[in-house]
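Q: Provided herewith is a single structure, encoded as structure tokens, for subsequent inquiry.
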Amino acid sequence: MSGNTLGTLFTVTTFGESHGPAIGCVIDGCPPGMALTEADIQAELDRRKPGTSRHVTQRQEADEVEILSGVFEGVTTGTPIALLIRNTDQRSKDYGNIVETFRPGHADYTYWQKYGVRDYRGGGRSSARLTAPIVGAGAVAKKWLRERFGVEVRGYMSALGEIDVPFVDWSHVRENPFFAPNAAIVPELEAYMDALRKDGDSIGARIDVVASGVPVGWGEPVFDRLDADIAKAMMSINAVKGVEIGAGFDSVAQRGSVHGDELTPAGFVGNHAGGVLGGISTGQDITVSIAIKPTSSIRTPRRSITKDGQPATVETFGRHDPCVGIRATPIAESMLALVLIDHALRHRAQCGDVETQTPKIAGSAT
């Protein structure tokens, strides 16, 4: 089966291509009775849309969302919700030079070898443009999680290239185009990106996402563990090459006496597990980090081959993000929210009536 759908009970199926007439998604399984307007979704899309600063692609897309179904008189009906976002600023002529060649680092070669046909315009189906519908669906998931359980899903940039971004306060995240939680470091990030763009090169980034207020019990062992589904969803984001839950790869150097989060009547002591044990949420913050590779489209000539297997030199034109990580924060937030709402509904379906005598301890003992 083709892999265009995410989720089990709350499913999202995306459609469209970068330079097609429109992109969008169909959400199935959204509970009825939730107030929902296009403005609720647009607010999240505006955080991701291109052309918002000199540090991202200058493709000008309003990303205005249309709700085609599943909402009546401002309330979800429980039927499929179709979201449509029209493409308005395609410039396909910029890709005429790669009709017969493959861009290094892109999905051109693999899509061609798998399907025997590819839409070369802006990467077609493999373009990060297709993350817009994910953010639209994520807005629906975020709203339901917040209103039903008080769950908040927030993210920020924790590193841009070799520059670490120390966390100061959540209030800074919405005040700069990098989603940096530290206002003092923004000038350094801007200078770094200006120099990078002048060199015609690109760089990667690290994004951290935190879900707070998640109840204990979400997750379906053994093959649909909460952290496993989170990792899969995050790896589905374009350019993501690594995922960490909690301490992640730092766990390798930690002793068991350090890594194991002790339990006390007052709460957990530490959260190295990232809010998940045995594939089930603990009630602590769920913490996720993703590593995003440098953008493959750069101005430097690159070696490649033609469809006939002959050597070729590829020069990439078009409008591209020198760091796709700059706009990735709302995408990562949306992916986490989509996994959480799916598991919330799955838990309710099987274990909604389960009660134990053990009190639910706090996420932190401090």
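Backbone N, Cα and C atoms are what each Cβ position is placed from, and that goes for glycine too.
I grabbed these lines from Swiss-Prot:
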{"type": "BINDING", "residues": "ARG48, ARG54", "note": "NADP(+) binding site"}
{"type": "BINDING", "residues": "ARG125, SER126, SER127, ASN238, ALA239, GLY278, LYS293, PRO294, THR295, SER296, SER297, ARG319", "note": "FMN binding site"}
Q: Tell me, if you would, which residue among SER127, THR295, SER297 (binding-site residues) has the fewest other CB atoms within 10 Å in the structure shown?
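A: Comparing Cβ neighbours within 10 Å for the binding-site residues SER127, THR295, SER297, SER127 has the fewest.
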Q: Are there residues of the same chain, six or more positions away from ALA239 (FMN binding site), whose CB falls under 8 angstroms from its CB, and which are they?
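A: ALA239 (FMN binding site) has long-range Cβ partners ALA128, GLY204, ILE292, LYS293, THR295, VAL324, GLY325, ALA328.
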Q: What's the CA-CA gap between ARG54 (NADP(+) binding site) and SER297 (FMN binding site) in angstrom, rounded?
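A: One finds 17 Å between the Cα atoms of these residues.
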Q: Taking Cα atoms as reference points, rank the binding-site residues ARG125, SER127, SER297 by distance from ARG48 (NADP(+) binding site) and give the first.
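A: Nearest listed residue in space: SER127.
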Q: Sort out the sequence-distant neighbours of ARG125 (FMN binding site) for me: same chain, 6+ apart, CB within less than 8 Å of its CB, listed by position.
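A: The answer is GLY16, GLU17, SER18, TYR111, ASP119.
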Q: Could you check the binding-site residues ARG48, ARG54, LYS293 and say which one's CB has the most other CB atoms within 10 Å?
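A: Within the set of binding-site residues, the most crowded position is ARG48.
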